[in-house]
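Database features (TrEMBL):
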DOMAIN    A:9-61  domain 'HTH myb-type'
DOMAIN    A:9-61  domain 'Myb-like'
DOMAIN    A:62-112  domain 'Myb-like'
DOMAIN    A:62-116  domain 'HTH myb-type'
Amino acid sequence: MGRSPCCEKAHTNKGAWTKEEDQRLIAYIKAHGEGCWRSLPKAAGLLRCGKSCRLRWINYLRPDLKRGNFTEEEDELIIKLHELLGNKWSLIAGRLPGRTDNEIKNYWNTHIKRKLLARGMDPHTHRPLNAIAGALNLSISLAPYQPGDDPAVKQEAAT
DNA sequence: AATGCCTTCAACCGCTTCACC
DNA sequence: AGGTGAAGCGGTTGAAGGCAT
């Protein structure tokens, strides 16, 4: 037996939220505030699980969200905070008013990672890429990958 | 105009943490 | 102290739109 599901999946909607669902959720939270997410969907008349409602509210519907493009200052702040905190997106989001952890995580993976790589920085360690390669004494081969190169494959072939 | 590839981001999944009993 | 349920979190997925061919 695995863990019990967070909700009765047979009776819940999945996928993109409709405008009507959004309106119901907003209206309910405006009237009652953020309370017990598990019981919220039923109380609000939504065929969604509590988790889904919470995520939708936090990442998209909250009135204090900024949304829209990140500024250069925000970029730099995210990079600095990531260097200090690592992938603690909720902590990073806490330092950026109006931004959510999900938004920052997505932005990191789509924009900032690339930005750092373009600067020759490793997005995980925030150190210069060539320094890391040197420290690990790596020799990077540009030859196309061959399945036989995989140690696991080699070992399997040997057995 | 049609097709395929790439990028973006909303949403889901599963694990961890926390609070309560 | 241990069990249980709810909330929170981070990783991953997949649909949609944009762009190149």
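Cβ coordinates come from backbone N, Cα and C, glycine included.
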Please list, for the domain 'Myb-like' (A:9-61), how many residues fall into helix, strand and coil according to DSSP.
34 helix, 0 strand, 19 coil
DSSP-wise, what's the residue breakdown of the domain 'HTH myb-type' (A:62-116) into helix, strand and coil?
36 helix, 0 strand, 19 coil
